[in-house]
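Participant: In case it's useful when we look at the structure, here is the feature table from TrEMBL:
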DOMAIN    45-296  domain 'G-protein coupled receptors family 1 profile'
TRANSMEM  30-52  transmembrane segment
TRANSMEM  64-86  transmembrane segment
TRANSMEM  106-124  transmembrane segment
TRANSMEM  136-158  transmembrane segment
TRANSMEM  209-230  transmembrane segment
TRANSMEM  242-264  transmembrane segment
TRANSMEM  276-298  transmembrane segment
Amino acid sequence: TTMPYSRPTNTSLPELHLTGIPGLQHLHHWISLPLCIMYLITLAGNSIILCVIKADPSLHLPMFLFLSMLAVIDLVMSTSITPKMLGIFWFRSTAVSLDACLTQMYFVHAFSVMESGVLVAMAFDRYVAICNPLRYLSILTSPVVAAIGLATLLRAVVFMSPLTFQIRRLPLCSPAVVNHSYCEHLAVLKLACGDAAFSNTYSLSVSTYMGSFDSLLIALSYVLILRAVLSLSSPQARKKAFSTCGSHLCIIALFYIPGLLSMYMERYHQELPPHIQVLLADLYLLIPPAFNPLIYGIRTKQIRDGARRMISR
């Protein structure tokens, strides 16, 4: 039965319908398997990292506090979309109230901005650790780390609130079908009957500004780190410095490349099949939270040791 996907025309607009992955509804059960596995890895991996860091006093360092922030953001971000997505894929529960949809949109976009901010903070942390090792703990004190965390949160709230309020004020047209598997801003915006130019421009400007500003700061940190590392005399010290930065660079690539790809393809390649666009957007939100704890857990000796101590206790 294709009933849930026939476009409802008499929907009272407080309620929207998410199609899942347009054109691939017949494959939803298969697609849900890797998504479900990734979500379980996300829950397990990030919870383990948080427990290990909390349980081990030797890990109460700025680097690991930022890593804890990243783990919390990843847990919230994937939990705000995966359960509903699996509901669509498994039970065809496509209906979502407008308020729930806007709440989900707010969480997804605000936490993406926060993740980007925390990645900048982690690059700064590596810069101080490598270029100013003796003053590391006097520069990145606990209040400074807390202030950086608060600043990333506030920045996300300030930039993302107008997006959601703007859509709240726009009249939305029937049929209320969102061709997406979660309430992605541009997909919901397509339902607007009013003039959506402001929302469109605002979202593109904010995401471009965030993406370019944050990646510029990260690039700058790494240029300075590279200069410092190459001036180290012993190959041993160089290797150690590169390995502490390697995992962070993997995570940055995992976060920015698919994100920018999915955003620009959605804007400029209208001929790109909708299922490819939606799959890209889904993977962008689901892959980093699942892989971040694996990359850090496997590549960071202190976390491996902390986990071992926790297990042996």
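Quick reminder: no glycine exception, Cβ is built from N, Cα and C everywhere.
Because TrEMBL annotations are produced automatically, they should be read as predictions rather than curated entries.
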Participant: Averaging the per-residue pLDDT over the domain 'G-protein coupled receptors family 1 profile' (45-296), what integer do you get?
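Facilitator: The predicted confidence over the domain 'G-protein coupled receptors family 1 profile' (45-296), as a mean pLDDT, is 85.
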Participant: Sequence gap of 6 or more, Cβ distance under 8 Å, 3 or more pairs: do the transmembrane segment (30-52) and the transmembrane segment (276-298) meet that?
Facilitator: yes
Participant: Please indicate, using numbers and ranges, the residues of the same chain that are 6 or more beyond the transmembrane segment (209-230) and have a C-beta under 8 Å from a C-beta there.
Facilitator: 113, 116-117, 119-120, 123-124, 126-127, 130-131, 159, 238, 241-242, 245, 249, 252, 256, 259-260, 263
Participant: Counting only CB pairs under 8 A, let me know which of 64-86, 242-264, 276-298 has the most with the transmembrane segment (136-158).
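Facilitator: By the under-8 Å Cβ criterion, the transmembrane segment (136-158) pairs most with 64-86.
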Participant: Take the transmembrane segment (276-298) and find every residue of the same chain, 6 or more past its ends, with a Cβ under 8 Å from one of its Cβ atoms.
Facilitator: 21-22, 35, 38-39, 41-42, 45-46, 48-49, 67, 70-71, 74-75, 77-78, 81-82, 85, 108, 112, 115, 179-182, 184, 247, 250-251, 254-255, 258-259, 261-262, 265-266, 304, 307
